[in-house]
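Undergrad: Just lifted these from TrEMBL, have a look:
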COILED    299-371  coiled coil
COILED    448-510  coiled coil
DOMAIN    43-83  domain 'Zinc finger-XS'
DOMAIN    116-228  domain 'XS'
DOMAIN    530-652  domain 'Factor of DNA methylation 1-5/IDN2'
Amino acid sequence: MSDDEDFHGEYSEDDFDSIEEESLKLLESKKAVVENADGTLRCPFSPNRKKQSYLYKDLMQHAEGVANGKRGTEPAGRHSALAKYLKTHLSAKASPPVQRVHKLDLAAPQRKDDMDLLVWPWCGVVYNIDNSKRCETGKRVGIGNSEIKDYFKVFNPENASVCWGPSGHMGLAVVFFRRDLIGYKDAQAFEKHFIEAGHGRRDWELANQRRHMGTGLYGWLARKEDYEGRKEIQNDWLLTKILKESGDLKDVVMLVQELTSMHEQRVRNLRDTLTAKNEDFEILLHEVEVARRRADFIKEELGKRHKRELEQVKRAAQESTVRHARVMQEHNVKLQASMELFRRKCKELEEMEQQNQVDKSRLDVQKEENQRHLDMINQQSEKQRKYQAHQVMLIQKHEEESKDLAQVIQRMTLRLAAKQQAEIERQHMEEIEESKKFAELAESFEPAALASGNAEELARELKEVRRKLAEFEEQMQSLTEELETGHTTITSLSNKERAATDELEQARKATLEILEEYPEFGAEDGIYVKSMGEIDEAPWFRECKKRYINADWGLVCKTKLSKWTEKIKNPEFHCFKTVQVGQEDEWERKLDENNKDLLALKRQLGEEVHKSVVTALKEIEEWNPSGRYPIRVAWNWKKDRRAALSEIIASLGNAAIAGIKTAPPVKRRRLSGT
């Protein structure tokens, strides 16, 4: 679809007409000013343009260009109204028509210029080339085109052509120069060289009349007489033929005028292109600013939504824990009922064995099979019970560790407060000692006034402060011991947490092995094993089969898929970049959408194949960025996330219960003759 189709599909003609009518009213009411004070014109609908002074024809060209362009409905409608306003109200400012000039009755004088018509592109004629040698057939031979060009290389020739006739080499050649003024300068230097050497055109004509050419070369610029030919000169028709095939007669003044006109036209075209590009750049700059503001708004909204979703995930995790405990209890009850059912069936089999001795061998075989099945169920139930007990133990450990950490933090806070209080008391005691010293000093000066009261009171306060300080030191000693105990406890809890994490990973590994061996156990709950970082092959086969019809598309698909698999595993394949998000110290690794390899893959095989590779790259970056090989994890396909250990255990329990319920019944064989 073209740009015009996009433009008319996005906007309607009613919008265009309404905008044009409103803009025309603004212009007619003089609210939108078009005329400047100096008599020039301006565009009131392009205030950001640097140029605000136009002639009538320039402003009309600008208005019509924007009205017919693809900048949107609003700019097109406004500039269309401006064009109508200029035609209706300001047509008098257009350039006045050229008035007719009356001719004189007398005949106009005519100028006669002796134009020196030259062959263009510039050509040089070379005569008297040595052709005295003959070949075996008797024809004359001489130097060729490349030797002539190399001989005159100081004059920068572009090419050279030697004349050959029925008798062989004619001793005549044409040298071609560049088509511009620099080539003309080289051609003049070529002719001047021969004139100064006494071997120019006139010298050649005199020598030709005397029938004595000598051994030197003669040369000059090709002109009209060379182009049209001279009958009195032998073999001149060969020169005329070459010149007419390669060029035409031109005057130097005519060529300069043509080149000047071409240059002026090129300058005008470049000026118009630059003006259009500036206008497009201003519009693009405005669009980029609008897009940037919208991106900032979207980023802020995404941050708020992320916070809300995080809170919802936390609440959902708490609810899932409670729900999991309830489901596990229900599964235990169902498992006990199933085991009781199997015990009753075993008892019935024993009674059947006593009643039917003839079918004893068959009953023994069936009994052994049922016993093996029961043992398998018992093993599964025991494993289920161990997993449940281990998970409950992990939950209890995490709760106890959280409580212990909270108590340690509280004790450390109390210790810090006590230490601060002791420091305050120590400062108070120092102030009291200073006060006592000051009181004793004052008593020495005024014994009558301070003999009885102030010193004794300060001594009592000092004694009380020292007692409190001793108590605080004892508390500090106790808190120090508690802090050391807390550090020991924290170390022990950290070790226990690491051990619990290792046990949890071992449990995940064991459940993953069970799901890999028995994938049907998690089928009902949508839990399967997924390889994170592995490319989905389905879109590759579809696109290659569709695009490589005439080739072996299967081999092409496997080759391309193998190449991209190795590229994903290669740590030197840099397709991620670190970008700043939010604050200055917040960074995030994101996929580089402008990676040339990914863009080339998208152009070659389409969007679905590109999406499969991008998904594999994001998974390998999330799950195994250091090793860069696929990691197999248990995946909940219904919720499209990694399956929790509780979900895997619940699924295995459901599968075990379903296996008990669907166990094959024991069939009795009829006795012959009964």
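The backbone N, Cα and C atoms fix where each Cβ goes, glycine too.
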Undergrad: What does the DSSP secondary structure composition of the domain 'Zinc finger-XS' (43-83) look like, as residue counts for helix, strand and coil?
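TA: Counts, helix then strand then coil: 23 helix, 1 strand, 17 coil.
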Undergrad: Can you count helix, strand and coil residues in the domain 'XS' (116-228) using DSSP?
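TA: For the domain 'XS' (116-228), the helix, strand and coil counts are 41 helix, 33 strand, 39 coil.
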Undergrad: Compute the average pLDDT of the predicted model within the domain 'Zinc finger-XS' (43-83).
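TA: That region's mean pLDDT is 81.
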